[in-house]
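Asker: Sharing a structure with you now.
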Amino acid sequence: MGIVLGPNRYGKAETRLVRVVRDGETHHLKDLNVSVALSGEMTEVHLSGDNAAVLPTDTQKNTVFALARKHGIGSAEAFALLLARHFVTARPTVHRAVVTVEEYAWDRVPVTGHSFVRRGQEVRTARVLHEAGRTHVVSGLRDLTVLNSTASEFRGFVRDEYTTLAETGDRVLATDVRAEWRHRDADGDWESSYAETRRILLETFAGTYSRSLQQTLYTMGRRVLEERPELCEVRLAMPNKHHFAVDLEPFGLDNPGEIFFAADRPYGLIEGAVLRDDAPAADEEVWS
Ligand SMILES: O=c1[nH]c(=O)c2[nH]c(=O)[nH]c2[nH]1
């Protein structure tokens, strides 16, 4: 039968790499999504299952982390060139490498040298419930992605027979803030209220030494209510976007809190409301 193998390639897609460079109190962040696609002498693996020419995609992922530690990440292009050349040069069975890098831009939150907010993806929200005799206004935002590259620990938690998590005195804390805040009244300066509340949320995330994301959440909500008298309740939902320090020891490299794997799931989801004890009751429907 005239059936042949056509064009093919393979590789590790979407390795989420975060590099933190610590220059004293000032940290620098690179956040990349790296995809590798290799092709070459891959007929046998398809036809007979002989893997002799196959560089595992797992190895490709490790290479992304190891070369980031060894050579740094000057720019997306430079890092892609480094990887592509490595795979083709180091592996005779690989003839072509296509390396695709997405870089996510972060701005500094000026409160500290280690706090960042991801550029340009947040959404502002507003919800009004109105019926005879009452009106509720809830403002909010979602997908405000923030990261502290230090000043976060997680220790002293419950341990049972299924616990493997190590205690940590210094970790990356990152989350997509989903926040909604309820106004006491149906009139106000919505623009300045929004801008100030967003600023307080951001600055409190940045400026709070965190013993848990729960503590950070409560502190953010509390600070908003302390500073914004027009508001009576804040609800927050914050995924704990885990950043795992990559073990580079098998490759003869140390990792002094520099190279992280940014996992997208599963994630811890921390949710909570913070309210004044005299907040007027509101229907659940005002919240999303
Ligand atoms: O801030 C955190 N809160 C938790 O409840 C939790 N659970 C976990 O595994 N890591 C974390 N981090």
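Note that Cβ sites are derived from N, Cα and C of the backbone, with glycine treated the same way.
Okay, these came from TrEMBL:
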ACT_SITE  Lys12  active site, charge relay system
ACT_SITE  Thr57  active site, charge relay system
ACT_SITE  His242  active site, charge relay system
BINDING   Thr57, Asp58, Phe154, Arg171, Gln214, Asn240  urate binding site
BINDING   Thr57, Asn240  O2 binding site
BINDING   Thr57, Phe154, Arg171, Gln214, Asn240  5-hydroxyisourate binding site
Asker: Other than its own, how many Cβ atoms are within 10 Å of the Cβ belonging to His242 (active site, charge relay system)?
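Answerer: The Cβ of His242 (active site, charge relay system) has 18 Cβ neighbours within 10 Å.
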Asker: Please report the number of other Cβ atoms within 10 Å of the Cβ of Lys12 (active site, charge relay system).
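Answerer: Excluding its own Cβ, the number within 10 Å is 19.
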Asker: Go through the recorded positions Lys12, Thr57, Arg171, Asn240, His242 and pull out the ones with a Cβ less than 6 angstroms from some atom of ligand 1.
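Answerer: By the Cβ criterion, which requires under 6 Å to ligand 1, the hits are Asn240.
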Asker: I need the nearest neighbour of Gln214 (urate binding site) among the active-site residues Lys12, Thr57, His242, using C-alpha distances.
Answerer: His242
Asker: Look up Gln214 (urate binding site) in the DSSP assignment and reduce it to helix, strand or coil.
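Answerer: In three-state terms, Gln214 (urate binding site) counts as helix.
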Asker: Taking Cα atoms as reference points, which of the recorded positions Thr57, Asp58, Phe154, Arg171 is nearest to Lys12 (active site, charge relay system)?
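Answerer: Closest by Cα: Thr57.
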Asker: So for Asn240 (urate binding site), how many other CB atoms are inside 10 Å of its CB?
Answerer: 19
Asker: Rounded to an integer, what is the Cα-Cα distance in Å between Asp58 (urate binding site) and His242 (active site, charge relay system)?
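Answerer: Cα to Cα, Asp58 (urate binding site) and His242 (active site, charge relay system) are separated by 20 Å.
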Asker: Should Asp58 (urate binding site) be counted as helix, strand, or coil on the basis of DSSP?
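Answerer: For Asp58 (urate binding site) - judged by DSSP and reduced to three states - the answer is helix.
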Asker: Indicate the candidate from Thr57, Asp58, Phe154, Arg171, Gln214 with the smallest number of other Cβ atoms within 10 Å of its Cβ, considering only these recorded positions.
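Answerer: Each of the recorded positions Thr57, Asp58, Phe154, Arg171, Gln214 was scored; lowest Cβ tally within 10 Å is Asp58.
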Asker: Given the recorded positions Phe154, Arg171, Asn240, His242, state which is nearest to Thr57 (active site, charge relay system) when distance is taken between Cα atoms.
Answerer: His242
